[in-house]
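To keep things clear, I will list the structure first and then write my remarks on it.
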Amino acid sequence: MSLSKPVLPENDNVAHALAGAGGGVLSMALTYPLITLSTRAQVESKRAETAFLAAVRNIIAREGVAGLYSGMSSALFGISVTNFVYYYWYEWTRAFFEAAAVKAGRASKKLTAVESIIAGAIAGSATVILTNPIWVVNTRMTARKNVTTDEEKAAQEAAEEGVAPPPMPTTSNKERSKQPSTIGTLLSLLRTEGPAALFAGVVPALVLVINPILQYTLFEQMKNAVEKRRRVTPTVAFFLGALGKLFATSVTYPYITVKSQMHVAKAGDKKEGVFEAISRVVREEGYSGLYKGIGPKVTQSVLTAAFLFAFKDVLYEHSVRLRHSVAKKGIAA
């Protein structure tokens with residue numbers, strides 16, 4: 001009995017999801033220290049802020065180079081799941097709109113701006129609900145807010161007074177091994193604050209769905225414009241992705257700050273709504289408080305998005321080939 005050759009659909013949701021997950025992991029691994037610096041800036045007090053290079057030196061002095069990668073394991077897991085879910089639903093919605101365009105006899109089946117916005121909203125909302133617990137754990141590990149040593153307090157006091165901080169003792173390998181693991185942080189969170197803590201900051205996270213909506217809508221429209229003149233290479237995708245993310249992150253950064261603060265809020269802390277948190281930050285620190293850590297965050301976000309878009313198309317082609325190969329072997333068996 002002969003079996004026909006398996007044909008994967010042109011718009012393969014799973015291949016796009018795998019490519020997005022792989023691209024996210026690679027791009028985040030390349031830029032993770034900037035995430036650490038930005039997250040710590042977002043959750044520390046205004047008076048304790050330190051300059052970029054000083055913050056790097058302080059983290060390395062306290063925790064070693066590994067301190068710049070605190071929570072990286074949960075972040076890589078988180079970005080792989082986040083991107084897989086996002087791209088699966090985004091491509092599913094895209095395929096729906098493209099099929100509708102063909103059925104309606106539209107000249108071009110490429111997504112319009114409105115269709116891009118709807119696709120981004122559906123994909124983003126599904127992603128937030130499923131992955132918020134991962135990012136709560138990651139932010140707790142990255143910020144290390146619940147681990148404040150006497151040396152760290154002294155450094156903060158020195159920063160408040162505008163003087164050089166006292167020298168920090170180098171963290172030993174034994175001490176570094178005591179740093180909480182992803183599972184340890186998760187279990188501690190569940191034990192002390194309950195399951196509800198895993199959904200801290202979910203409202204601003206849902207509001208932040210506007211970030212990928214803006215990013216992908218701008219990217220898709222720029223890509224459509226470029227494709228009329230030339231092929232979109234990984235290099236072109238790199239710059240288009242960077243421009244889209246630069247715009248989206250600059251617009252939504254205050255909500256990013258509020259979300260990070262909600263993730264590290266403890267059970268006994270006063271629960272705040274999004275607008276209450278924004279008002280408090282403005283009242284205590286001024287409008288500039290909403291943009292703490294924006295330098296490393298924008299740099300990281302733009303580079304991550306640029307690398308992601310540069311990697312994604314290449315990984316998509318490999319994913320499709322791999323799935324074809326696996327399907328062929330399955331038939332042969």
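Placed from the backbone N, Cα and C atoms, the Cβ positions cover glycine too.
The region 'Disordered' annotation in TrEMBL covers 147-180. What TrEMBL lists as repeat 'Solcar' is 11-96, 111-225, 232-318. As annotated by TrEMBL, transmembrane segment applies to 14-37, 66-89, 117-137, 196-216, 236-256.
Break the repeat 'Solcar' (232-318) down by DSSP state and the numbers are 73 helix, 0 strand, 14 coil. Looking just at the repeat 'Solcar' (232-318), the mean pLDDT is 79. Summarised by DSSP class, the composition of the repeat 'Solcar' (11-96) is 76 helix, 0 strand, 10 coil.
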